[in-house]
Amino acid sequence: AKCQCKVVPRERTNCGYPGISAAECKRIGCCFNASVPSVPWCYSPKPKKVKKVCPNDPYTRINCGHPGIKPRECTKKGCCFRAHPAGVPWCFYHRVMEE
């Protein structure tokens, strides 16, 4: 993503080799910007930002507990708890989404 390539020039980490082309740099998953001399032009992108969310669709829940698990037990395991609807897991895993 473009936002991952917004790295302050002095904080760039070299990702290529001397003389690498912009196309080759991008092909190997790196960022390329030749506008600042004396810093790497082919550099590593910032890591993707992710967040954990409890899925809204009860039918996509992946079970994280056992029948009769208490909300506190469930959240202690690091999972989501919603005691509705019937017939789906009430204690279930988070999903990871990119921000």
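The count begins at 1 with the first shown residue.
Positions of Cβ are set from backbone N, Cα and C atoms, glycine also.
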Disulphide pairing with Cys74 per TrEMBL - partner from Cys42, Cys54, Cys91:
Cys91
So Cys54 is in a disulfide according to TrEMBL. Which of these is its partner: Cys25, Cys79, Cys80?
Cys80
With reference to TrEMBL, which of the candidate residues Cys15, Cys31, Cys42 participates in the disulphide bond with Cys25?
Cys42
Partner cysteine of Cys15 (disulphide bond, per TrEMBL) from Cys3, Cys30, Cys31:
Cys30
Spatially, which candidate from the disulfide-bonded residues Cys74, Cys80, Cys91 is nearest to Cys64 (disulfide bond), comparing Cα atoms?
Cys91
Would you count the other CB atoms within 10 A of the CB of Cys74 (disulfide bond), including those on all shown protein chains?
21
Entries of Cys30, Cys54, Cys74, Cys79 which, being disulfide-bonded residues, have CA atoms within 10 angstroms of Cys42 (disulfide bond)
Cys30
